[in-house]
Each structure stands twice: as C-alpha cells, then as structure tokens.
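Novice: Structure below; questions to follow.
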Amino acid sequence: QLRPDFYSRTCPSVFNIIKNVIVDELQTDPRIAASILRLHFHDCFVRGCDASILLDTSKSFRTEKDAAPNVNSARGFNVIDRMKTALERACPRTVSCADILTIASQISVLLSGGPSWAVPLGRRDSVEAFFDLANTALPSPFFTLAQLKKAFADVGLNRPSDLVALSGGHTFGRARCLFVTARLYNFNGTNRPDPTLNPSYLADLRRLCPRNGNGTVLVNFDVMTPNTFDNQFYTNLRNGKGLIQSDQELFSTPGADTIPLVNLYSSNTLSFFGAFADAMIRMGNLRPLTGTQGEIRQNCRVVNSR
C-alpha cells in the first residue's frame with residue numbers, strides 16, 4: 001500500500017522542505033541526524049510507524065516521551081515541528097507526521113554519509129500514544145543477544161540482518177554514562193568490568209564516566225567518526241569497542257549467527273549500506289496506518305480536534 005511516489009502530485013516539494021530543515025539544523029547541532037533516526041526507530045517499535053512518539057500527554061493518554069527509553073533522551077521534536085510547519089504552509093493537511101519522521105530519517109542518514117533509498121510513503125498518524133508499550137517494546141542497552149532478538153522478532157523483524165544492520169544506526173550519536181557505567185565497574189554484579197571490553201577503551205570510558213560520576217554525561221557511540229554514518233561501528237565491535245552491552249553482544253556472544261554479519265559489514269561498506277536500507281524499509285513498513293485509518297495530524301504534538 002505504501003509507495004515512494006505517494007506525494008508526487010499532492011506535495012512534490014516534501015523531500016526538499018525536510019532536507020532544508022535538516023541541513024540548517026546540522027549547522028548548529030551535529031547530533032540531530034542521529035537523534036531523528038532514533039525517534040523514527042522508537043516510533044516504529046511501538047505499534048508501528050504512526051508518529052505516536054510525537055504526541056504530548058493529553059487527557060486521554062500519557063505521552064511515550066515519558067517512557068523510560070525516551071525520557072531525557074529522545075530529542076529533535078522541535079525539528080519535526082519545524083518541518084511540519086513548513087509543510088503545512090506548502091501543502092496543507094497532506095503530509096503525515098509519520099511520513100515526515102520516516103523521510104527525515106532517510107535524509108539524516110544520507111546527509112551523514114550513509115546510503116540513499118526510496119522511502120515507501122502513505123502512512124497516517126495515530127490518534128493515541130502507547131506509554132506502557134513504549135516501556136516494554138523498546139530494546140534495552142543492557143539486553144543480551146537473545147533478548148534483543150526477541151524484541152526485534154516481536155515487532156516482525158525476525159532476520160539476523162534486521163538486528164545487526166539496524167544496530168549500525170549507532171555509527172553516530174551518543175549515549176549517557178548511566179547506560180555504560182555498569183559495564184565499566186560492576187558487570188552483572190561481578191564487581192569487575194565487562195570482559196569483552198577492550199582494555200584501552202575501558203580506560204578511556206572510565207575517564208569519561210567515573211564510578212560515581214554524572215550519569216547524564218554524553219559519550220560518542222563511535223569514537224573514530226562520531227557524526228559520520230559509516231561501517232566503523234562494526235570494526236569497533238570486532239575490537240571490543242562497542243559502547244553499550246547490547247551492541248557488543250552482536251559480536252561477543254559465542255557462536256552467534258550475528259558474528260558473520262558484523263564481520264561482513266565491517267569489511268564491506270556496501271554490504272552494510274544495502275542491508276541497512278533494506279532493514280529500514282522493512283521497519284518503516286511495520287503496521288502502518290493507511291487509507292482512512294488514523295488521520296493526518298495538523299500539529300504533530302496533538303490529535304486533530306474532533
């Protein structure tokens with residue numbers, strides 16, 4: 001039902017309008033591309049890509065922004081608002097917030113050095129948010145490989161390449177120390193660091209995230225090319241330099257079927273880019289609202305007045 005040319009007649013400028021906002025925002029905020037990609041991911045894992053993550057709390061539901069995986073970390077909402085405002089001027093009541101977030105993710109990846117792909121479009125926006133589901137459906141940075149696979153399979157992403165390629169979104173962006181500290185000092189209650197951590201990387205991370213330090217300090221996922229979308233993430237995993245446990249598990253879980261994919265993507269950028277684009281399309285197609293389902297929100301933060 002979704003198709004890349006969905007807006008070719010009704011809003012042909014949609015891609016340019018979204019791109020111009022991202023280009024402008026990147027000048028002052030080099031993190032914004034990674035932040036937008038993460039918003040899309042956190043949207044799609046909770047009842048499909050329906051822009052439910054963008055809704056603020058109302059009298060009928062609590063916002064997903066308050067859920068543990070999003071609170072104090074999901075960001076970029078104001079940038080989506082900028083895109084929506086510009087699109088409402090150019091093509092009123094035409095482009096859904098769900099499609100804005102999907103297109104913005106693709107352009108964010110492309111502008112950061114990553115692949116391009118034709119984004120299937122025609123999603124509509126949900127009229128409710130799913131706070132409880134956001135707390136349970138999103139993968140945790142402390143997950144083992146088995147838990148990660150289950151979280152992905154639960155939403156319909158059941159190929160090893162879905163998990164390994166989408167994890168490569170951590171080739172840019174940052175995480176807070178509070179998601180890393182346990183690995184550095186007391187991994188799984190052992191009073192020792194995670195044995196998969198490269199010793200020099202461990203020393204670097206301990207400097208950035210001291211034992212009783214400020215958990216809100218931000219650390220780059222990829223120390224080599226922190227704002228570039230490339231395959232360095234996988235090389236880092238092979239060298240024991242994955243920042244969060246759930247990423248390192250892809251390579252360090254003995255006998256895992258994800259290891260050959262980490263090796264492949266590390267040695268071949270085109271293989272990674274192709275797999276990432278494919279997995280993004282698969283994720284973007286999860287349970288979309290189409291036709292007369294949902295609505296086209298006029299303000300991405302609130303449901304249209306009835």
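The backbone N, Cα and C atoms fix where each Cβ goes, and this holds for glycine too.
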Novice: For the Ca(2+) 2 site that Swiss-Prot assigns to D222, T225, D230, which of the candidates T171, T181, T290, T292 is also assigned?
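Specialist: For Ca(2+) 2, Swiss-Prot names D222, T225, D230; of T171, T181, T290, T292, the listed one is T171.
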Novice: Need the cross-check against Swiss-Prot: the disulphide partner of C91, picked from C11, C44, C49, C97.
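Specialist: Recorded disulfide partner of C91 in Swiss-Prot: C11.
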Novice: Name the residue from C97, C209 that Swiss-Prot records as disulfide-bonded to C177.
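Specialist: Matching partner in the record: C209.
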Novice: Pick from C49, C97: the cysteine that Swiss-Prot pairs with C300 in a disulfide bond.
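Specialist: Disulfide mapping in Swiss-Prot sends C300 to C97.
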Novice: Using Cβ atoms only, which residues of the same chain lie under 8 Å from P139 (substrate binding site) while being at least 6 residues apart in sequence?
Specialist: F45, Q147, L148, A151, F152, S246
Novice: Which one is it, among the recorded positions R38, C49, C91, C300, that lies nearest to D230 (Ca(2+) 2 binding site) by Cα separation?
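Specialist: Minimum Cα distance from D230 (Ca(2+) 2 binding site) across R38, C49, C91, C300 lands on R38.
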Novice: In three-state terms from DSSP, label C97 (disulfide bond) for me.
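Specialist: For C97 (disulfide bond) - judged by DSSP and reduced to three states - the answer is helix.
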Novice: Taking the Cβ of T171 (Ca(2+) 2 binding site) as the centre, count every other Cβ atom within 10 Å, in any protein chain shown.
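Specialist: Result for T171 (Ca(2+) 2 binding site): 28 neighbouring Cβ atoms inside 10 Å.
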Novice: On a C-alpha basis, identify the one among H42, T171, D222, T225 that is nearest to N214 (N-linked glycosylation site); the candidates are the recorded positions.
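Specialist: So, spelling it out, the nearest of the recorded positions is D222.
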Novice: About how far apart, in whole Å, are the alpha carbons (Cα) of D222 (Ca(2+) 2 binding site) and C177 (disulfide bond)?
Specialist: 14
